[in-house]
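Listed in TrEMBL for this protein:
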type	residues	note
DOMAIN	20-55	domain 'EF-hand'
DOMAIN	209-297	domain 'ABM'
């Protein structure tokens, strides 16, 4: 409420990650509240988290420097771009695209790490349960962040206002398609295991990473995109950790959906750092109407 302090309700609304229980959040709140005022001020929050930063102290420090450096570069670009020569403007555009691609690659790696740690924590807390329909439920705050990010990435899309309706209409089609892919994967000695077979106490479960990438291609760039996509699929399929790659194009629009199955999140993260993957991401800056939407899911199983 902009009063310089956090009540427990405000603290819970911001820090609730869908993993800690309400009682645990309440205990954490009072642990941080060293002044015993039933409100947290900036000093208390900084003191608590600074004690637990570890390696992330360097990470956050570098990010702060990076943020300042980028803002300075943007300010200089704003002042100099209009008066620059055509060649200098081209170089500036290239550098901006490369910076965006590097940041997106880093963001993808961080999101995979977040999802992996959240999933592992939920499994440790849930313990053996009665088998249910296979699904992975993201924490409420995480889902909100993912939805907000996806919406922000697709604001310029001509189908933005009807995107949710189209997604619902295609839901059963996607389920059937995934089932066919799973059937094909099972023939390659891939074993998807039900929850009741998990040995949670050993904490050594293998998880297959399923990735869905949605890309809306500029009509005039279809030929170039198809060539880049073919090269990407061939390179990704040749990787040791890749189980399967499949593409789908919607007949009524220039929208492609790419499905990737990886042995685990580490294989996916390594794949993101490969040259062919970065080349595909860079080319998509020119080929796509809007940034691609990436959805990932960890499924218990082994190869």
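Glycine too: its Cβ is placed from the backbone N, Cα and C atoms.
TrEMBL labels come from automatic prediction, so no person has curated them.
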For this session: Using DSSP, tally how many residues of the domain 'ABM' (209-297) sit in helix, strand and coil.
Result: 40 helix, 31 strand, 18 coil
Exercise. What average pLDDT is reported by the model for the domain 'EF-hand' (20-55)?
Worked result: 87
